[in-house]
Amino acid sequence: MEQVLERIHSLLWGPALLTVLIGLGLYFGGKTGWFQLHFFRILKQTLFYRPKNDTEEGISSRRAASAALAGTVGTGNIIGVSAALLTGGAGAVFWMWVSAFLGMGIKYAEILLAVSFKKQSPNHIGGGPMYYMEQGLGCKPLAVWFSVAAIGAALTGGCFTQVNAVCSVLGEGNLWLSAIAGAGIALLAGLCIFGGIHRISKVTSVLVPVFSILWVGAGLVVICCCYSKLPGAFALIFQQAFSLESVSGGLMGTGLALSLRLGMARGIFSNEAGVGSSPMVYASGKESDPVRQGLWGVLEVFLDTIVICTVTALAILLTVGISPAQTPMELVNLAFSSVLGEWARPVLGVSIFLFAFAALLSWCFYGEQGIRYLGKSKTSVTVYRCLFVLFCFLGALYPSQSVWLLGDCCNGMMLLPNVIALLLLRKQVVCVTKESSLYQILRGKGSFQKPVGQNYQKTKKCP
């Protein structure tokens with residue numbers, strides 16, 4: 001089973017797809033003048049922005065952002081980063097940064113399209129890649145493909161990997177303890193997900209600040225205690241990023257390829273740029289200006305990869321370094337224990353639980369959006385929610401390596417149709433961005449007048 005998954009993984013995350021993603025990131029960044037790098041202006045237009053007339057239905061932009069960040073900041077920011085270091089070396093960190101830098105433009109583009117093409121009904125706001133695939137491209141089969149992949153990814157990478165990571169810590173290798181932990185997580189998840197996006201966003205709006213402060217704070221303590229090693233750690237990151245030698249030995253030249261592939265794949269798995277997941281929750285927000293909502297995606301990628309993933313990686317590199325003999329979980333535990341001592345285990349356990357629980361709540365919603373697009377009946381949504389709760393329990397008992405491979409493969413199956421849609425709709429993204437007065441503000445020109453609203457594809461200026 002694992003050999004089949006590894007083969008699929010290598011095909012999905014091979015050079016071809018990574019090259020297209022790099023090209024998309026460069027295209028959106030270059031065509032918009034890299035406006036997403038004006039970070040403080042973006043903060044002003046997101047965190048410090050207050051709408052004057054808030055009459056739209058749906059969840060607030062802040063809650064939408066917290067739910068999206070909950071989905072991206074999962075156990076991949078801890079165990080995933082550690083796994084990338086073990087296999088791809090310190091150089092994988094550099095390629096994570098590259099994936100974040102380019103991913104900001106991609107994330108912005110897919111959110112802009114999702115908000116522009118969202119579909120509103122009396123009881124539900126539908127939005128996401130499947131809607132801009134159908135309405136923007138007129139390609140229903142591509143939308144169905146994405147929806148099916150989203151359901152599969154929610155049940156595997158969004159559920160299995162998260163629960164499995166928690167139970168590997170709480171269960172300590174004991175099957176009965178893992179089963180009990182899995183049952184507890186399934187019960188808590190059920191209480192939240194049956195309340196829909198409003199309850200999910202309420203829970204994640206509390207959890208996201210808590211686990212972010214806890215993990216980053218603990219990581220900074222470790223980094224500060226080893227600050228004298230920082231220059232050496234950064235030197236190692238840049239050296240191994242372009243090294244031809246593999247960390248685990250092997251043929252000359254495999255090091256760079258492996259470091260790039262794992263770093264980019266892990267970065268994308270973490271910040272989900274191009275996967276098309278978080279646009280589904282942003283489209284459920286009250287904000288109808290696609291440009292402003294897209295800025296939240298830029299902020300999301302920055303916090304996820306540049307901040308949290310980097311803190312995890314530096315904490316490991318500054319303390320225990322990279323030892324191929326250790327598992328990802330053991331490596332993280334050793335790194336934090338070397339500085340925090342007995343406090344490391346509870347900090348790690350609580351952090352992983354909060355990361356995983358928040359992530360699986362958001363991913364449940366993503367899968368539900370796929371169900372609603374395909375079925376649209378209340379019964380199908382209820383059946384899906386029950387199945388998701390069951391998978392929460394099963395995730396505690398499934399082998400760890402297979403879980404991560406399956407999650408990566410399902411993410412890749414979402415990524416493929418979404419990348420096709422982004423390529424075909426790229427000119428509309430650039431056009432609507434440049435037509436927005438908010439874009440001029442971000443570049444330090446003009447003043448805010450009127451945003452480009454929904455259904456921009458019908459305007460005369462944009463193709």
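Cβ atoms here come from the backbone N, Cα and C positions, even for glycine.
Note on TrEMBL: of 12-30, 69-87, the range annotated with the feature transmembrane segment is 12-30. Among the residue ranges 93-117, 343-367, the one that TrEMBL annotates as transmembrane segment is 343-367. Where the transmembrane segment (301-323) meets the stretches 142-163, 206-230, 379-398, 404-425, the count of C-beta pairs under 8 angstroms peaks at 206-230. Contact between the transmembrane segment (343-367) and the transmembrane segment (12-30) is not supported, since fewer than 3 Cβ pairs fall under 8 Å when only residues 6 or more apart in sequence are counted. For the transmembrane segment (175-194), the partner stretch with the most Cβ pairs below 8 Å, chosen from 12-30, 142-163, 206-230, 379-398, 404-425, is 379-398.
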